[in-house]
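If you look up Swiss-Prot, you'll see Cys150 marked as active site, nucleophile. Taken from Swiss-Prot, the feature NAD(+) binding site applies to Arg11, Ile12, Asp33, Arg78, Ser120, Asn314. The D-glyceraldehyde 3-phosphate binding site annotation in Swiss-Prot covers Ser149, Cys150, Thr151, Thr180, Thr209, Gly210, Arg232. For Lys184, the entry in Swiss-Prot reads SUMO2 cross-link, with the evidence type similarity to another entry. Feature annotation from Swiss-Prot assigns phosphothreonine to Thr73, Thr175 (among others); the stated evidence is similarity to another entry. Annotated deamidated asparagine per Swiss-Prot: Asn147, Asn153 (among others), in sequence order. Summarising the annotation, Swiss-Prot assigns phosphoserine to Ser149, Ser310 (among others). Annotation source Swiss-Prot lists S-(2-succinyl)cysteine at Cys150, Cys245. The N6-acetyllysine annotation in Swiss-Prot covers Lys192, Lys217 (among others). Per Swiss-Prot, the feature N6-malonyllysine maps to Lys192 (among others). Taken from Swiss-Prot, the feature N6,N6-dimethyllysine applies to Lys225 (among others), supported by similarity to another entry. The region 'Interaction with WARS1' annotation in Swiss-Prot covers 1-146. Annotation source Swiss-Prot lists motif '[IL]-x-C-x-x-[DE] motif' at 243-248, citing similarity to another entry. The feature site 'Activates thiol group during catalysis' is assigned by Swiss-Prot to His177, with a curator's inference given as support.
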Amino acid sequence: MVKVGVNGFGRIGRLVTRAAFNSGKVDVVAINDPFIDLHYMVYMFQYDSTHGKFHGTVKAENGKLVINGKAITIFQERDPANIKWGDAGAEYVVESTGVFTTMEKAGAHLKGGAKRVIISAPSADAPMFVMGVNHEKYDNSLKIVSNASCTTNCLAPLAKVIHDHFGIVEGLMTTVHAITATQKTVDGPSGKLWRDGRGAAQNIIPASTGAAKAVGKVIPELNGKLTGMAFRVPTPNVSVVDLTCRLEKAAKYDDIKKVVKQASEGPLKGILGYTEDQVVSCDFNSATHSSTFDAGAGIALNDHFVKLISWYDNEFGYSNRVVDLMVHMASKE
């Protein structure tokens, strides 16, 4: 089982750790966070406003974080180059601070003895992988990879199924996205992105997202055919993608439902879900799929122009894919 270090114990860092313990697929051996001391880590890991209390034991003992009886080494370094991952036995590092997202910055982890780095965010220059879409293209020569964004992980599996069966001529995506840590509780300064600085709980905020264009990186045939934007809305978690696209081959909406359902039960099982229930966002809290197609919410204008809806837990679904990507990478060692 691959031994993992986590850099940054924020929403994704903590949930990747939860996903690792829930699945038992990877072994978390070290965590680095300069801003959270050990006893605070115990508290933050145990209690979660969104996903509820951790079902297991967590305590501080002999300077280590002990989860379900397993002792985890704690570092508090600000500079990734100074983290002694090798000493703790960490082979792979999940870079989840949101700060070190380039090859150069994430590469600093390799200096401390890590063998590979998985950036839990989109990256300007690191190769991006989406489980179920292009993970097979990963090869051992790559030391630093990106797991793309939660939204790309929702959109890409759906886009792949649709494109493989009917061909996507072009498409626009909107994600109606839950609040994240980068937003403000009340109006405040936000650099050049003025709207992003408005109160998160009070507003629907139009925002940019690179998620749709990033699909073109993981599915090269769709490069230049998709773009999109986001609306940030006042919900704490769970987001939904609206993909409106023009199809090359004529398809009835029932045909689309059929192929998505088949994919959800076959090659994309566990990644792409399918539901015909009358669901709302809360129903996907703590869901582990990357994307769940909402058969009842989509509409077709005609046989070539459709609007497709897919839900995702932008925190926990994504965190589970980070774990899955590491398992896949380890299988290639």
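Cβ coordinates are placed from backbone N, Cα and C, and glycine is handled just like the others.
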In sequence order, which same-chain residues at least six apart have a C-beta under 8 angstroms from Lys225 (N6,N6-dimethyllysine)?
Ile168, Val169, Glu170, Gly171, Gly216
Which one is it: of the binding-site residues Ser149, Thr180, Asn314, which Cβ has the fewest other Cβ atoms within 10 Å in this structure?
Thr180
Near the D-glyceraldehyde 3-phosphate site, what residues other than Ser149, Cys150, Thr151, Thr180, Thr209, Gly210, Arg232 in the same chain have a C-beta no further than 8 Å from the centroid of the listed C-beta atoms?
Thr175, His177, Ala211, Ala230, Ser239, Asn314
Cβ packing number for Ser120 (NAD(+) binding site), 10 Å threshold:
29
Just checking, which of Ile12, Cys150, Cys245 (recorded positions) has the fewest C-beta atoms within 10 Å of its C-beta?
Cys245
Could you tally the C-beta atoms, other than its own, that fall within 10 angstroms of the C-beta of Lys184 (SUMO2 cross-link)?
16
Helix, strand or coil at Thr209 (D-glyceraldehyde 3-phosphate binding site), per DSSP?
coil
In sequence order, what residues of the same chain, 6+ apart, have a Cβ less than 8 Å from the Cβ of Asp33 (NAD(+) binding site)?
Asn7, Gly8, Phe9, Gly13, Met41, Phe75, Gln76
Fewest neighbouring Cβ atoms within 10 Å: which of the recorded positions Arg78, His177, Lys192, Lys217, Arg232?
Lys192
Through the lens of DSSP with three states only, how would you label the residue listed as 'SUMO2 cross-link'?
strand
Of the recorded positions listed here (His177, Lys192, Lys217, Asn314), which is spatially closest to Thr209 (D-glyceraldehyde 3-phosphate binding site) when Cα positions are compared?
His177
I need the most crowded of these recorded positions: Asn147, Thr151, Asn153, Thr175, Thr209. Count other C-beta atoms within 10 angstroms of each C-beta and give me the top one.
Asn147
Alpha-carbon spacing, Lys217 (N6-acetyllysine) to Gly210 (D-glyceraldehyde 3-phosphate binding site), which is rounded to whole Å:
11
